[in-house]
2 protein chains.
Amino acid sequence: MLVKSPLAKPFPIMPEIAGATPRVARAGYKDWGRCDLSYIALDEGTTVAGVTTQNICCSAEVDLCRANLAHGRARALVVNAGNSNAFTGQRGKDAVDAITAQVAGHLNCDASEIFVSSTGVIGVPLPIDKAQSGLRAVFDAAPCSWEDVTHTIGTTDTFAKGATASAMVDGRKVQLVGIIKGSGMIAPDMATMLGYIFTDAAVDAAFLQQMLSASNKTSFSCITVDSDTSTSDTVLAFATGKAGNTPLTSYDDAGADAFAAALNDICRQLAHLVVRDGEGAQKFIEINVSGAANDDSARRIGLAIANSPLVKTAIAGEDANWGRVVMAVGKAGEPANRDSLSISFGATQVARNGLAVAGYDEAPVAQHLKQNEIQIGVDLGIGAGRATVWTCDLTHGYISINADYRS
Amino acid sequence: MLVKSPLAKPFPIMPEIAGATPRVARAGYKDWGRCDLSYIALDEGTTVAGVTTQNICCSAEVDLCRANLAHGRARALVVNAGNSNAFTGQRGKDAVDAITAQVAGHLNCDASEIFVSSTGVIGVPLPIDKAQSGLRAVFDAAPCSWEDVTHTIGTTDTFAKGATASAMVDGRKVQLVGIIKGSGMIAPDMATMLGYIFTDAAVDAAFLQQMLSASNKTSFSCITVDSDTSTSDTVLAFATGKAGNTPLTSYDDAGADAFAAALNDICRQLAHLVVRDGEGAQKFIEINVSGAANDDSARRIGLAIANSPLVKTAIAGEDANWGRVVMAVGKAGEPANRDSLSISFGATQVARNGLAVAGYDEAPVAQHLKQNEIQIGVDLGIGAGRATVWTCDLTHGYISINADYRS
């Protein structure tokens, strides 16, 4: 068993979401005793938005979600853990089709309203018989908690990751809950991992997509564990409409800003939780980049630092080796000027305008690096672009987990 | 002390190169007993070519080499180990200027004919007094072997890396020797590490540059240890002309192809040796990419695989987890088609046209992965582009070396 991350957060108290009913069961995708099939039934009228991996070798499940997002309606979500069903050709597609047909038959709805994700090893077709018997079991199961679902969708995760938020919309309090899994193969290009957000707010599907895409840009797209972009990454947001507010259709609607802020908040929380469960992580690292040519450039420079094995191992070793940050900025392929570059660790400026600050004292930096939450500041000194990126350190734990994950 | 890489090769028997005289001494850049300053005097008439890092935060030494390469003449090379002098502002430049002035005074030549490299920690100015006393000592030292120089330029290297080749040019046998250092922060964007090639052939500087740039594209630019591009990477080739051949000026000259092949061979050998001394390396991995949109695309796909922490840890764990290769191809950002992608390990085809081969037997792949030389084949099935890339696995050794390298 994997040891719980030292950066773990307790699972929050999560409200029920009217119109979304979670259940879990055991399909037995791997030889384990735990539940590995999640099923969330969604009442009629639920809208959906989503962002998916940009990995070209994406799974049949990702293909399905993309196709079904076109109409923005959802009646159920199925998540399989223990097998990603990616790179399995027609047999993989057949398995997904069998799942959507069986659920649509059960709910008496169109198969295109069923969303499916799978996570686990790549290249092994999902066994259709196990999926079918798992679904039969889950239809009969009692409704469960969000925490149960979160445990059921996890693979190498060491703790259950959830977040909640609320907003006042149209005089009504709307609730949002989000759950997420993922701790390795995390370098979202557009979305990442498997993350699901449920709300009882009424939100037009196109506007929900617009808000989710915006939130994604500063949350899931700004984290990395190991620079490897998964073939199955999917984040879906479902709005059941049971709160009874007038449906939100644009940022001009009353309450839309509050809802967007709550969605943003939940995406940020979920993204941070993934980093906190990064494989082998001992330190949570925030990288603030400013003074870049533009915001996109700042994000790419932040990710170059966050993906550098040498920066990540220095932090793991609590070594104030800030020269490795200089190296990472320089290799990013983005506009930069060595002689206007400034760097800080925690509250301590270590370099300014291309060299170490006069009388640089390493003691406060060494002290900061002993914490398990690290801040690195980088100012390029050439523009107004800024971004914040989050990652974890690279430790022996990552090697141990990944040198024998499948065995 | 670092343990010698299990992938190490013995240092070859290297000929002397007429017109190039190596010496080493101890400047004491770090608190160690070993020599750390190398000095190779070059006779008048020596031409030079070079390729340097594309890292924007490059060192003053790299700036100097680039400037001096413009005229293509060289009288000496100085290499400092233990301090890279990168990101040190005016004080770093002053140190380099002091070195070139002192050597030029000693040789009675122009300071622009002196080439300098430094390697080690980033952000600490090279101490001028130590450089100056080190130079005084090295001028008085007896000439030494190429192996002595190779030990002197190393930092975290675990073995001395050299290569040799020869060619018949204009009826004369010309000799080439090459030495190189580097085992971490290896992801050459244009050149990499510190590598030096010496030949007694007479070669026009512009043509030497043309050949070196061509060789670089399929050697140093096709290796990676950890995806981190150094601030100091430099490869220089010096031709003393002492073999007495009519100077080579273009590929049309008799013997030019033979010389280019020898140069190519030596660059390839040196690049492989760096990978064999990759920090923590236990396996040497060759990745052959074919069927890509074009050769550059094939190289970028190869490097995406070679830089994937999940692929590298799978190889370290001798785990035939080929799905991680699929993932890395898909995230490369290059043209690819999931359903025409084929993958092999060693002599065994594992996947063809988007899924595992029928009756896939893991046994021969598992057997191949127990070796310390691994081949991965990837065919994109969309074009004629091909490239070969080399890397090493990612092990606990890399973490151990880099979590406390500076301390």
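Backbone N, Cα and C define each Cβ position, glycine as well.
According to TrEMBL, the protein has these features:
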{"type": "BINDING", "residues": "A:Thr155, A:Lys181, A:Thr192, A:Glu279, A:Asn402, A:Ser407", "note": "substrate binding site"}
{"type": "ACT_SITE", "residues": "A:Thr192", "note": "active site, nucleophile"}
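When Cβ atoms from all protein chains are considered, those within 10 Å of A:Glu279 (substrate binding site) total 29, not counting its own. Proximity to chain B, defined as a CB-CB distance below 8 A, holds for A:Asn402 out of the binding-site residues A:Thr155, A:Lys181, A:Glu279, A:Asn402. Cβ-based neighbour count (10 Å, all protein chains) for A:Lys181 (substrate binding site) stands at 27. Within the same chain, the residues at least 6 positions away from A:Thr155 (substrate binding site) whose Cβ sits under 8 Å from its Cβ are A:Ala81, A:Gly82, A:Thr119, A:Gly120, A:Lys181, listed in sequence order.
In the three-state DSSP scheme, A:Lys181 (substrate binding site) falls into the strand class. In the structure as shown, the Cβ atom of A:Asn402 (substrate binding site) sits within 10 Å of 28 other Cβ atoms.
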